[in-house]
Amino acid sequence: MKIPRTTLFLFLLPSLALIFIFGVYPVAYNIFLSLKDVNLISYIRGTAKDVGSLNYRTVLNDSLFWRALYNTIVFTLLSIALQMVVGFLLALLFNYEFPLKGFLQALVMIPWVMPIMVSGSFFRWFLNDNGFLNNLLASLNWIREPVRWITSEKTVIYSLTAVNVWLGIPFNFILLYTGMQQIPEELYESADIDGAAGWQKVLYITLPMLRPVIVATFILGCILTFKVFDLVWIVTRGGPGGASHLLSTFSYSLAFDRFQFGKSAAVLVLMQIIVILFVGFSNRIRLEER
Amino acid sequence: MSKKLLIGLLVLVWSLAVSFGAFAATTLTFQSYSNPTEQVAQFIQKVLIPELQKAHPDVEVNYVYIPFAEYMSTILQQAISNTLPDLVYLDNPWVPQLIEAGVFQKITDNVMQDLGEDFWMDFFPGHRLLTSKDNDIYALQVHTNNLAIFYRENLLKEAGIGEPPKTWAELQDACQKIKESLNLYGLMLYAGADEAGTWQFEPFLWSNGGSLMELDQPEAIEALGFVTGLVEKGYTPRDVIGLKDQGDVTIWFMNGQAAMMINGNWEFGWHLLPDVLEKLGDVKVTPFPVPEAGMKSAVLPFGGECVGITTSDSEKAKYAWELIRIWFGEKLDEYYEKWTGHIPTLASYAAKIANKRPEFEVFIKQAAYAVPRPPMGGMDKYPDVSNELALALQRSLTGAQTPEAAFKEAAQNIKSIFTPEEYEASKARAREILEEVLARAKGQ
């Protein structure tokens, strides 16, 4: 039976409406806001003036924006690199049968099932100058002065990245592990017959066969990490002195601490541009692969 | 079958009756971030609303609770979608912005006719300044609060400190003794990168003659240097920059990790409840320390909540005002004395409450030297100014910048928030308020 085009369109309509309401409209409205002088008063009164690119210029002149951009890049790249390496090693490990495997696998998944509110509050307490970690190191006589994990502008972003690595390992592990399960056992068996060493099997079979999964994990991970907000907001609120702001927390703080909605929208637009550039770039990589 | 029909009919009749009933009465919405179980909310629900209904049985009042963190964004959404509640209860620094935005209805005539000019003038000047604009009244501040030093008397004695510190020098001295003899933190305070961080630093800044609008001046830099010194010398933990809220400060204090803390009178209704005080047994309050001996009081910001009418429906506004009038007219004694851990905003009540609640005495005395925050920092631009100060405070406390560099940068950023004319006007305004209160504080 041939279905008329109009009927087909009717079936599409609900999803098109959803995409428009939750996708196109907010993005368009955000761009509109970013070009206006929107603060609490002008927003309520409806008197926000057009200011052209002023919000963008102000934001680009703000040292906090550049700090947040730098932090976002460091945070994303370091997180992804470490999460993928550790996740891959764990996946390799769990690919073997050994006692207590199920139990240990459940342990690995803990960071993922714990609400960020809980783990974030825990790490705030754990990493303070007077926190658990410093007390532990001091009691072992490893340090005299507390290490300033989250109270120094130099170290704070790396501490937060470490926490995020811990949080993100399960995600990487589970994707890579499921990927590994799909690799036919025969490949390894024939490699055994050829007398390949363990590392050679990983290098010449596991990694190449896993490539599509690795690329997908990488891109998904980058996008998920790029927009991380809750972890940083709960542990440091972007502090001390703005030193750990990511673009997401910086934009939130502009909107809801300072009611600078126009500038906040400008930061969000810049974030979107970065994501679009990144996705375009990664698509090109994938196309070249084929 | 007929049974189902009967039930259906009954449901229909019932729902019609209910909707008709609701339609006939006037329903007001009272919006607040005071948790329904807290004392202020209890007072509104158990005393104010029934009192209004005694006179007007057909008026319904719904108490709507919205958490503090979502409060302003909710009001914003409501204002834009024309769904504002009828009465709003909220933190005082937000009031100038909302007056400017046109969220509040004018209540000048109501106040003057029902409560009178004398009543209005009985409000401490700062509260009047905040809730009115161009000689029109838009809200009333229902209670106030400020900051002082809470201390553990026994710990101070153990450290060989006879009297609690009165000046900055004595404070530093006391901290040193506490550190040396007890190995405890001397003073706990709050320095998060938000309004509460600014609010806790303002008494140091203003008492020293520094202004939010002139952070690059020596008085301001000196104040920042003093607080930074407390952290550098290990008298105050650097972790104060990462606390969740001022309640966290009290947790350290209650745990015995610090001998003194900067906090507000509301703590007597939050963490330092009677059973806790009894268990600790030695908690006392002393005025906020002053930079130089001989000053009568530190210059402090005041906090507290205001109530205003947001409905533009004149019928609803009439009942909304009636509720406020009952609060400030017939029920004010009861409110201050029985229900809250807050200080009155009216001069004539202050002394009365001081007699009944001795733990508030210090705060009530200081209230005479407390000023509102927004006029000290560019009025409706205050949230932005405050944010710059809080960031600079954190940079200095963590050693990322010297106090001088941190405040020079902040001063530059604050200037760029305003147009040059606005900046000069705001600077002059803040100076004027500061000079007046400083003169009184110094007893000149």
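For all residues, glycine too, the Cβ spot is worked out from N, Cα and C.
Curation does not apply to TrEMBL; its annotations are automatic.
What TrEMBL records for A:69-280 is domain 'ABC transmembrane type-1'.
Taken from TrEMBL, the feature transmembrane segment covers A:7-28 (among others). Same-chain residues lying 6 or more positions outside the transmembrane segment (A:7-28) and placing a CB less than 8 Å from one of its CB atoms are 272.
With a cut-off of 8 Å between Cβ atoms, the residues of this chain six or more beyond the transmembrane segment (A:68-94) that come close are 101, 104-105, 108, 157-158, 160-161, 164-165, 168-173, 175-177, 179-180, 202, 206, 214, 217-218, 221-222, 225-226, 228, 238, 242, 244-250, 267. Among the features that TrEMBL reports, transmembrane segment is placed at A:68-94 (among others).
Counting same-chain residues at least six beyond the ends of the transmembrane segment (A:106-127), those with a Cβ under 8 angstroms from any Cβ of the stretch are 90, 94, 133, 149-150, 159, 163, 166-171, 173-174, 230-231, 233-236. The feature transmembrane segment is assigned by TrEMBL to A:106-127 (among others).
Within the chain, the transmembrane segment (A:156-177) has long-range Cβ neighbours (under 8 A, six or more residues past its boundaries) at 71, 74-75, 78-79, 82-84, 86-88, 90-91, 94-95, 108-112, 116, 119, 123, 127, 149-150, 210, 213-214, 216-217, 220-221, 224-225, 228, 231-232, 235-236, 239-240, 243-244. Residues or ranges marked as transmembrane segment in TrEMBL: A:156-177 (among others).
Residues or ranges marked as transmembrane segment by TrEMBL: A:213-235 (among others).
With a cut-off of 8 Å between Cβ atoms, the residues of this chain six or more beyond the transmembrane segment (A:261-281) that come close are 27, 30-31, 33-40, 43, 48, 51, 55-56, 58-59, 65, 68, 219, 222-223, 226-227, 247-248, 250-252, 254-255. If you look up TrEMBL, you'll see A:261-281 (among others) marked as transmembrane segment.
Away from its own ends, the transmembrane segment (A:213-235) comes close to residues 72, 75-76, 79-80, 83-84, 87, 116-117, 119-121, 123-124, 127, 150, 160, 163-164, 167-168, 171-172, 175-176, 178-179, 207, 244-246, 248-249, 252, 271, 274-275, 278-279, 282, 285-286, 289 of its chain (Cβ-Cβ under 8 Å, at least six residues beyond either end).
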